[in-house]
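Database features (TrEMBL):
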TRANSMEM  B:32-51  transmembrane segment
TRANSMEM  B:63-81  transmembrane segment
TRANSMEM  B:88-104  transmembrane segment
TRANSMEM  B:116-138  transmembrane segment
TRANSMEM  B:145-163  transmembrane segment
TRANSMEM  B:183-205  transmembrane segment
TRANSMEM  B:236-258  transmembrane segment
TRANSMEM  B:264-283  transmembrane segment
TRANSMEM  B:290-310  transmembrane segment
TRANSMEM  B:316-336  transmembrane segment
Amino acid sequence: MTDMHPPVLRLSHICRSFGPVKAVNDVSLEIRRGEVVGLIGENGAGKSTLLKILAGIERPDSGEMQLNGCPVQFRGPRDALRAGVGVVHQEQSLFTNLTIAENIDQHSSARSGLERAGLQDWGRINREAARALAKIGVRLSPTTRVGDLSFIDRQMVEIARAVCIDPGQGATPLVILDEPTAVLEAAETQILEREIRKLRDFASVIFVSHRLDEIMRICDRVIVMRSGRLATNKPISDVTKDDLFRAMVDGDHQPVVRRSSPATRTPVLEARGLSRGGAFSEISFSVRPGQILALVGSNGSGCEALMRCVYGAEAVDGGQILVDGRAVRRWSIRKAIAAGLAYVPAERKTEGMIAGLAATRNIALTHPGEGAAGPFLRPGRMARVAQGWFDRLEVRPNDIHAPLIQFSGGNQQKVVLAKWLNAPALKVLLLDHPLRGLDVGAGAIVNRQIRAACAAGAAVVLIPDTIEEALELADDILVLRDGRHSACHDLAGGGAPSIQEIVAEMV
Amino acid sequence: MSSFARHRIPDGSAQSARLVPPERWRAALRHAPLGMILSIVVLAVVFTWANPRFGSVENLQNLLYQVAVPLIVVVGTTMVIQMGSIDLSVQGVMGASGMAWILMSPNSRLAVDFGPWAWVAALALGLGLGLLAGIVHARLKVPSFVVTLGTWYIGLGIGVLLYGNGMLPSLTSETLARWPTRLTLGVPNAFWLAAAALGLGLLVMNYTRLGRGILAIGNNETIAGAMGLPVASIKIMAFAVAGLLSALAGILATMQLGSGSPDIGSGQLFTVIPAAVIAGTALSGGEGGVVRSALGVFLLILLNNGLVLAGVDPDFQSGIFGAILVVAIIAVSWPLRGRLKVAK
Amino acid sequence: MCEKTAHLPLNRTRRALGMTVMAAALATGLGLGSASAQELSPDEWVMVVSVINTTNPYMISNIEGAKALADHLGLPLEVVNSNNSSQEGISNIMAILASGRKPIMFVNTVSSSDAPTIVDAVGRAGGYVTIWWNKPDDYKPWNVGDHFVAFQKHPGVSSGRCGAQAIAGALDGEGEVVLLPGVQDSTTSQTRVAGFRAEIAENFPGITILEERPSNWDPQIAARNAQDLIVKYGDQIDAVWSADDAMQIGAMQAFENAGLLNQVKFASDGLYPKTLEDIQSGRGNNAIVGETFHRGYMASAVGLYTAYLAATGEIVPSELPEDKRESLFDLSCVTPDNIGDYLQYDEPGAPAAFVDRLVESGPWDVAPMPLVGGGVEVLPGS
């Protein structure tokens, strides 16, 4: 259709450098009313910087930005918000100890008489929040504490916050969703997709994701960034997944080949009739060296809790855990580690790493190996071990002494994985959403390491992000429904089930 | 389609946080300090059993009287802790304000009586010390731990200067000296004053932009800044309010003792900060609340009072106090314990 | 038992002048060298008064006494405030010792265990120190050296006995008492409590001790404990004994608030100005019946002067009898009847007057606190 209105967003020759690095290099683009534009690119391609410029956090070195036809210059996040640019951050930016209404209100500039007197006008805040929530068709009580919400609901709150602004007559709000699906379960992702389609009616959307199939499904147009530049800017109907992949990594997509079935050996880890009140009951499984078992289930199926119990991080109410065929009493994390178990948690930042500590120290944390002699650390050896992993896993930046918090999510995950792969006698690798929030390149490296560990004789228990991931990697799939055993597939032996079959077993 | 489906097909009703009434009740209960209340009730029952006088009206009035000073202090301390900062200056501010107040009220050292102006001056002194701490902390980005350690000693220093080498100033006005103990509706005035402070705290934390800003900063200061909240002003205000409340507590403590001393706040810091923490106010900020902290103060004071009434041998009192406290804390934090939760 | 020290051979490292002075001292029977006082140079020597804090009236008085003596002797004075912390006290003392001048020091130790550290440091700096109130019992000056001139205190047992006599007298030998000791593990508090209990047990069978509640020398804690005890015993309580006046001030306020002040008697230690005022005004139907008298300025002046004499060489610590190195000084029992005798010591200028008499008659024989004994205080009945 022909559009009489000026584009919602027009960027002309935007540049932003950090020292010698051109993070955003001469980017020009337009986004029209009601358009959903996918933005993809590997970590470090310049997406984040571009988003920060749009959100008023960074200022461009040169170039012009127009919103709804008017040139704008943001001096801070508030300016961007007032101009109608709402960002749903990758790292959620809600105050978890405040109510939904208050979080939505942080953006709005309406001020009543009460508020000018320094008081909280709960009536106005709740009313406006209810209106914003209704606008996107979400039924949440504005007085609920955000900390009590699930991730998807928190994202709904962020979206409501983004659209509650009224940038002025005839102007269209621009909602930026920065990897919203990274932390969502599959079912929640569907809800989000539906919400995004609804947003079209009154807003334009920039949707950032690492998952190409999501982009293909949701977006009207896709922009690929690579090395700070626009590599592709095409309607979605004109591209295929492979095109996008090539545009991102500037190389060929190498699909992973299914491995042959591992030799039948005695199970290294076996769970018998594990139960935990409210989470799962009577779950049994076993893994042999070299075998990959995927635990699949919808949110609340108990997969995560099961894995945590197997690692000893949560207590089980019943059942047994056997290591090398022997039952272990009073299972705990220490015993699990001693038995050669490793656990890569989904909550990487809070449970998987010590953010302020250097990468070297993080790698040496659990199994210092030659990095320590008795109670003493040997920094030189430790650094050599870390450098080895950095090279093998292509961690960027290649600085083993930088605190881990300074690395991007994908690179953090590599370090977390290295910490466990460093174990001298790694027997079982427990992976809870190992690819969550990782870009394609980092994901491939992590997958390669998982396979290498398998080939070296480790067993893997995996909770994948998607069913495809399970089908691609696993030898066996255990499907859980509402905490109970639903189905079990031996992919190597009995042939692969279809996605539809697995979905049917999940619900 | 290649994504997970879900047993409840999303049609708008399947989203996870629909709060139907029973769930809303559960959510409310989750944030209620049940463990705290339970601990207090259990202790009260045990102490009454040990000595029936524990439950007497006289002792309840005694408890309310004793709880008043730390209760006033803990309101301000909690606000600051909820912001993710800490205020160590309470004892110094109490000393300075208490001395300032008594020297301007009818006292045995100086023949003066400034009446209400004594209150204004003493409270202003506390407010000033709080402002100073807040400004240095917020504007010069000095950690609050260090700044308030400094204002603690500044306050103590002011108290010592006012105290000088002369006679211990004691209140000569019978009306003022008796005011804290006098009963209004069966409750000592000291407690009414504390209740007013608590009410003020609740009002600030729940019904003002300041209070909600404090919570936002405590939850995530970076986001608060990015959202355009006036972070520095809110911090300064919070410390000012805390200073004001410490000053009020200093005046009340001086009145209760009947004489002035720079050490009037002695021991309060280690009542109020543990009280707040026991009650679930995280030192990292964001969580807890003034009502919880108030219950924490009640717990500590009640524990001490109960042990005396139960006639526990002084040699064992500290040990038993600690042991009961640990058990009570376990009860309080039981609902909060989570998987792999790191406690520091 | 401890070895005799009075006849140590003279082969210690002494300067010629010291030898002369010592000979003179021996000649005058271990008394004071009369005319041979050596002037100490203010460039070389510094007086140091180290107190636990600067908010307690007793500590402030300690400082006043040191000032008066330093003025009299023409030496500079440094004040060390420990802020109630051993660590802080010790590091502040170290800082002063590092200045290069030799210290003549009075230390009111925060805790007993501080004494050896401080004494060693003073020794290394070439100075002389007197410790007041707290030191480990088996840490004897004569085993340490001349730089640890003396340990001095008022006997706590006498203080407790004074209070017990006053209370028993006021109650006519019949009644029930509660006790408010100080910090529970403080020797000072323990000896005072032991003295009180011994006096009651030995002489006043009609007096019952209901309970003791340690109140940390803190008026507010004392007030709180007193309130709790009032709830517990009601008007059963006839008298309250506190280990010092600060706690008594809190306790009296609690009884006054409960409307019981007129029926209860109080006794304590220290005769704080506030207490003096209450006795004189007859507060609470003459509620205060007994006190002990000692002053912080006297303690610091006596302590510093003893160290000063060692520094000038007028006394040789190793030549002194043990009771002059681990000394107990008299403590006066004060009652409302004899209180008039003690008012002079709180007049303005009293510290200076006391210092004059001190320099005249020496540290062991100055009214109202002559030396009355020595050694570790023996607890009655233990």
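In case you wondered, yes, glycine gets a Cβ from its N, Cα and C as well.
Within the chain carrying the transmembrane segment (B:32-51), a Cβ under 8 angstroms from the stretch's Cβ atoms is held by residues 278-280, 291-292, 295-296, 298-299, 302-303, 305-306, 309-311, 324, 328, 331-335, all 6 or more beyond its ends. Across B:88-104, B:145-163, B:236-258, B:290-310, the stretch most heavily in contact with the transmembrane segment (B:116-138), judged by Cβ pairs under 8 Å, is B:236-258. Contact between the transmembrane segment (B:183-205) and the transmembrane segment (B:88-104) does not hold: fewer than three of their C-beta pairs are under 8 Å, each pair 6 or more apart in sequence. With a cut-off of 8 Å on Cβ pairs spaced 6 or more residues apart, the transmembrane segment (B:236-258) and the transmembrane segment (B:316-336) reach fewer than 3 such pairs and are scored as not touching. Counting only same-chain residues 6+ beyond the ends of the transmembrane segment (B:145-163), those with a CB under 8 A from a CB of the stretch are 86-100, 103, 125, 129-130, 132-133, 136-137, 169, 239, 243, 260-264. For the transmembrane segment (B:316-336), same-chain residues at least 6 beyond its ends with a Cβ under 8 Å from one of its own Cβ atoms are 30, 33-36, 38-39, 42-43, 278-280, 299-300, 303-304, 307-308. Here the transmembrane segment (B:63-81) has Cβ contacts under 8 Å with residues 87, 90, 94, 144, 180-181, 187-188, 190-191, 193-194, 197-198, 200-201, 204-205, 211, 214, 238-239, 241-246, 248-249, 252-253, 256, 265, 268, 271-273, 275-276, 281-283, 285, 288-290, 292-294, 296-298, 300-302, 305 of the same chain, all six or more residues outside its ends.
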